Amino acid sequence: MKSERARRGAGGSGDLGAGFKYTSRPENMNGCEEGVEFLPANNSSKVEKGGPRRWVVLMAVLAAFLALSLLAGLLAWHFQDRNVRVQKIFNGYLSVRNENFLDAYENSNSTEFANLAKKVKEALKFLYSGIPVLGPYHKTSTVTAFSEGSVIAYYWSEFDIPKHLVKEAEQAMAEKRMVTVPPRARSMSSFVMTSVVAFPSDPRIIQNTQDNSCSFALHAQGSEPIRFSTPGFPDSPYPSHARCQWTLRGDADSVLSLTFRSFDVATCDERGSDLVTVYDTLSPVEPRAVVQLCGTYPPSYNLTFLSSQNVLLITLVTSTERRHPGFEAVFFQLPRMSSCGGYLRAAQGTFNSPYYPGHYPPNINCTWHIEVPDNKNVKVRFKAFFLQEPNVPVGSCTKDYVEINGEKYCGERPQFVASSRNNKITVHFHSDQSYTDTGFLAEFLSFDARDPCPGSFMCNTGRCIRKELRCDGWADCTDYSDELDCKCNATYQFTCRDKFCKPLFWVCDSVKDCEDGSDEEGCSCPPNTFKCGNGKCLPQSQQCDRKDDCGDGSDEAKCQDGKAVPCTEHTHRCLNGLCVDKSNPQCDGNEDCTDGSDEKDCDCGRRSFTRQSRVVGGENSDQGEWPWQVSLHAQGHGHLCGASLISPSWMISAAHCFVDDRGFRYSEHSVWTAFLGLHDQSKRNAPGVQERGLQRIIKHPFFNDFTFDYDIALLQLDRPVEYSATIRPICLPAADYTFPTGKAIWVTGWGHTQEAGQGAMILQKGEIRVINQTTCEHLLPQQITPRMICVGYLSGGVDACQGDSGGPLSSPEEDGRMFQAGVVSWGEGCAQRNKPGVYTRLPVFRDWIKAQIGV
C-alpha cells in the first residue's frame, strides 16, 4: 500500500514529491491573460529583410525547448530515483528482562515460542514507528531464536527504504544499538525489552529462512561430544545455492567448545566463495562473528573455537556448484570460567591465553599479576603470539591485545620479551566480541638487572644469545640488535652500506645478502658481455649458443622461449623429437611443444589442502601437506630413511640408505616397510596410512659410498598404492629443468631435529634456498660434483639431518605445483654455519629414471 506521501505525488494538482506545485491557471498581467499574437506581413520584401531576426527567434525558441526538455528529464530522473526502493535487512538481538527462559523456547514450533515471538515483533514495530526514516518503510520482523539471559531474542527486520534515505536509515539504526527502550515502548507490551542491537546484514544470510530443510538445532548433553556435519558428508557434496545453519546450545552457565575435524569447501576466491561462519550468538551479525572459513584444511590444523556464552551459530552460505564434501565437527559444553588470570608468585613459570592452543573465546579480559623474589627483576618471554583479526591495520591494537607496562601488543609476532624495572609486572589480555585467534604462550623469569644475560649478549628485545654470535653477519636477535654498531673484519667480512657485516665470499654471488643489496653492486660485467648466475662474465656471443659456457646453464636459459630449435643438453625435448628453448616448460599450463607433450602426465605435485598451519616454535608440518613423503622402516630399526612417491608403484630415495652395514642387510628389499600418508610416527595405524613392502631396490650403478656421488635409488612397492588426500606423487623435473640460485625449496622428514638429538615424531618441514654452486665448492672444496646441489642457509639453523636421508627437496612453482629438485644425501653436521646441506641433483638423473622404470 502506498504511503500518503506517495499518493499525494500521484495527483495532477498535488505535491509532486519535492514541494513543487502545478496549476493550470494562466498568470495575470494587470488583470489580463498574457498572450502572443502573430500578424501577417504586408510587404514580402520586408519579410525577407527581417529573415535574420526570425532565425534568432527560432534559435531562441529551440534553445528554450531543449533547456526545458533537459530540465524535465532531470526532474523525471530525480523523482524516479527518489521512488526507487532498496531492500535493507537488519539482524540483531535484544533482551527481555521480565521473562524467564523456558525449555520450550528452544523449539520454534512451540506455542510458547510463538507467543513470545509475537510480543517481540509488536514491540519492534512500535519502536520503529518512532523513527521517521524507519517506521514507514518497515515490512516485517522475524524472531529466529531465544536463549538465556533472562531471555535474549534473536531477530531480523526487513525494510523497503527509498534509495535516497538508505544512509540516513542505517545511521538511525546505528544510533539505536545497545539502547534501552523508552518506558512508553515498554508499556506497549507485557514485558520489559532492553538492549536492542541491530546491524545491516547480507540478504544471502537471511535467504530461505522459512525453509528448515537445512536447519539443525543441537543441545549438548553433559560433557559428551556431539558430532554433526554438512548434509551428505562425506559421500556427497553439500547443496549449492543454499543456506544451512546449525544452532548449538549448552546448559546455562556453560560455554561451548567447537572443533572442525574435517573441513573441505570451495576454494576461497573472488567468485562468491562458499562460506562457513561461526557466530558467538544465535543471530548472524558480523560484529559477533568468531571466524569465517573457506577452502580446505588438513586435519592437523587448529580449528577449535570457544564461545563466550552457552550458544553458537554456524552458517554455510553456498553460491557455487563446485563439488566438495563440506565439514564434520564436534562440540561439547564445559563450565564457564569463573576467573581469568591471577597472581603468579615464583622465580619462573608459564601462563597462556584461555584454552591455548585452541582459539580463545571472545569478550574476555584476563590479568596476571606476576611477582618474583625481591632482589630480582622479572621478564616475560612470549614463545608464541597470535592475536590477529581481519581488516585490522598492523600495529593498531584496538581490538584484541596484550598490554604490558602501558604498551599494547597485537597481531602475529615472533618471540619477544617484555621486562620490568622491579620484581613485579602486570600482563593484561583483552579480546573483543568478534574474531578470535589462538592466543599466546608465555613464560616469566627472574633476572639480575645488573647482569641480565650472564656470559651472553642481550638483544634489545631482552633475549639472551651467545656472545660469539655478536657481529658475525647473521641476525640472531629478531630485532637485528646483535648486528648493529659492528666493525667488520676486512679480512673475512664485507661491510654493507647499512653497516651490517657479511662473509666476504658472499659478495657478487648473485644473491642479495645485504638488506640494501650493496654486496651485489659493482658486480656487473663489462659492456657487451653476459653475467652468469654464478657471477662469471662471458662474451654476449656465447649466450644462447646451445652450449653451457657458464657452467650453471644460466647462459642458455630463457632463450627464444617456446620456439623450436636444434636439440642440445639445455633444451627441452618434446616427445615428437623437436626441442624448444624455454626455461622449465614442463607442466606450466602452456603448451610449448607442438605435440603438447610438455603438458602431459601433469597429475602430480598437487596438495589436497589449500591451508597450512602457522609454525609455532618448530617446523611441524600439517597432515597431507607433503603427500609424496614416505617413511621407510627397516626391520627392528624403525624409521631410518625417507623417500618420495613418483607413481603408484615407484619411489625415489638415496642409494646410501641401502648399503649393508654392521652385519645388517639393508640392501635386501624384504627388510624394508614403506608407510605412505603418514604424519605421526606414533600413529602408523591411523586412517589414511597405507603400508607396503618393497619388491625391488635399484641403486645407481655409479653410486660411490665414500663420496656419495650418484646417491640415488629407485624403489618398487610390492603392490600399488591408492591415491588419496594424503597420498599423491610429486612431479619429476625434465633433464633441462633448472633451480636457480636463491630459489626457495622445502626439505621434509622425520630426522633428528638437532645434531645428536632424537628423531621427530611429527613430519618436519624447513624452507631453505639454493646456494650458488661456486660458493658451495668454496665451502666444501673437492667434495661437490655436478650431480650434487647445495641447499640451505649459510647462516645455519635449517637443514636436513640423520633420518631425513632419501627424502625429497620439494620446489614450489608459480602455479603451486611441486617438483622434486633433489634427494637428501649428506652434509657436515646438521644446520651448521657455512656448512650447507648437499643433495642429489634430480634433473641429472631424469633420463636414467625413465630408462629404468618408464616413468
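Placement of Cβ uses the backbone N, Cα and C atoms for every residue, glycine included.
Of the listed cysteines C464, C471, C508, Swiss-Prot assigns the disulfide bond with C486 to C471. When Swiss-Prot is consulted, the disulfide partner of C501, picked from C488, C514, C523, turns out to be C488.
Per Swiss-Prot, the residue annotated N-linked glycosylation site among N42, N109 is N109. Region 'Disordered' is the annotation Swiss-Prot gives to one range among 1-21, 211-231, 547-567, and that range is 1-21.
When N43, N772 are compared with the annotations in Swiss-Prot, the one labelled N-linked glycosylation site turns out to be N772.
The cysteine that Swiss-Prot pairs with C537 in a disulfide, picked from C523, C525, C544, is C525. For C593, the disulfide partner named by Swiss-Prot from the candidate list C544, C574, C579, C641 is C574.
The DSSP secondary structure for C657 (disulfide bond) is helix. Secondary structure counts, DSSP: the domain 'LDL-receptor class A 2' (487-524) has 6 helix, 6 strand, 26 coil. Ranked by Cβ neighbours within 10 A across all protein chains shown, the disulfide-bonded residues C340, C523, C544, C574, C602 are led by C574. Counting every protein chain shown, 17 other Cβ atoms lie within 10 Å of the Cβ of C508 (disulfide bond).
Note: the Cα of C544 (disulfide bond) and the Cα of C567 (disulfide bond) are spaced 12 Å from each other. Distance from the CA of C537 (disulfide bond) to the CA of C790 (disulfide bond) is 22 Å. Rounded to a whole number, the C-alpha distance linking C579 (disulfide bond) with C593 (disulfide bond) is 8 angstrom.
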